[in-house]
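These notes concern the structure reproduced below.
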Amino acid sequence: MSSTKRLLQALIMGAPGSGKGTVSERIVRSFDMLHISSGDILRKMIREKTDIGIQVNKFVSNGQLVPDELMLKTIGSELNRLSSTDRSWLLDGFPRTKPQALSLFQIAPVQVVISLDVPFDIIINRVKGRWIHAPSGRVYNTDFNAPKVPGHDDVTGEPLMQRDDDKPESVKKRLEIYSEMAGPILEYYAEQNILAKFSGKTTNEIWPQVYKYLATKIEPKEKLA
Ligand code: G5P
Ligand code: MG
């Protein structure tokens with residue numbers, strides 16, 4: 001007898017540095033979900049110097065949003081893939097504007113929106129210690145989750161790097177943009193009764209709340225660690 005798999009289409013939102021990438025890593029470890037990060041997709045295009053990568057670089061490295069039309073060109077095929085996949089998924093970093101939210105609704109409607117709420121003064125300090133493994137998007141922090149070997153990825157051993165947009169002036173701009181743009185998107189999802197907000201100063205405080213909430217929507221593959 002065939003069993004019907006329960007699929008979940010979810011978003012994770014939150015200010016720059018609020019821990020979207022970190023919480024997403026924990027989600028995909030505990031639940032059978034794909035993680036798609038718009039920032040990781042853009043950084044890959046920039047690294048590979050594709051046509052779109054060259055166009056988006058000036059926005060990303062200055063901490064500005066990529067204009068909606070260009071952003072849809074960048075991520076459109078990925079959204080179409082998600083609309084027809086038989087896997088559950090978690091989209092991180094998209095939508096960032098109300099028009100992006102409306103476009104997403106047309107392509108791949110979502111059932112759950114996880115919103116991370118972390119005080120800005122905490123974010124500014126933690127971003128200073130961020131290191132990433134660019135090819136996988138794995139995120140480290142010299143204070144919080146340091147790599148086993150300093151400067152190297154735990155899985156591949158490859159060198160870690162810092163992000164161009166983690167310069168203090170870019171971080172400030174990214175936080176201002178988030179403050180301005182996120183409200184209408186969060187309202188839009190609150191009106192649809194799909195918004196779940198999680199507040200805290202650390203990921204370790206937020207994560208158990210997220211896990212318990214998601215476990216009401218999709219079966220975990222691992223117990224809460
Ligand atoms: P991104 O890549 O989407 P942001 O700015 O939304 O980037 P970011 O910076 O990736 O978000 P995050 O994923 O929320 O942050 O946070 P994280 O990386 O997990 O955690 C931040 C640091 O804190 C890490 O070092 C982590 O280890 C540490 N940390 C986590 N938890 C704790 C804790 O409890 N304690 C401590 N001490 N540390 C902790 O977008 C980048 C750019 O791409 C463009 C824009 O230019 C954007 O600025 N872009 C788009 N433009 C237009 N439309 C879109 N949809 C776009 N998407 C991307
Ligand atoms: Mg991230």
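First residue shown is number 1, and so on along the chain.
Just so you know, glycine gets a Cβ as well, placed from its N, Cα and C.
TrEMBL: automatically predicted annotations, no manual curation.
TrEMBL annotates Gly17, Ser18, Gly19, Lys20, Gly21, Thr22, Val139, Tyr140, Thr203 as GTP-binding residues; of Arg29, Arg130, the candidate listed for that same site is Arg130. Annotated AMP binding in TrEMBL involves Ser38, Arg43, Gln64, Leu65, Val66, Gly93, Phe94, Pro95, Arg96, Gln100, Arg174 plus, out of the candidates Arg87, Arg163, the residue Arg163. The binding-site residues near Arg130 (GTP binding site), taking a 10 angstroms Cα-Cα threshold over the set Ser38, Gln64, Val66, Arg96, Arg163, are Arg163. With a cut-off of under 6 Å between the Cβ and any atom of ligand 2, the binding-site residues Gly21, Gln64, Val66, Phe94, Arg96 reduce to Gly21. The DSSP secondary structure for Val66 (AMP binding site) is coil. In sequence order, Arg130, Trp131, Ile132, His133, Ala146, Pro147, Leu160 are the residues of the chain that are 6 or more apart from Tyr140 (GTP binding site) and have a CB within less than 8 Å of its CB. Counting residues per DSSP class in helix, strand and coil order gives 2 helix, 11 strand, 23 coil for the domain 'Adenylate kinase active site lid' (130-165). With respect to their backbone Cα atoms, Phe94 (AMP binding site) and Gly21 (GTP binding site) stand 13 Å from each other.
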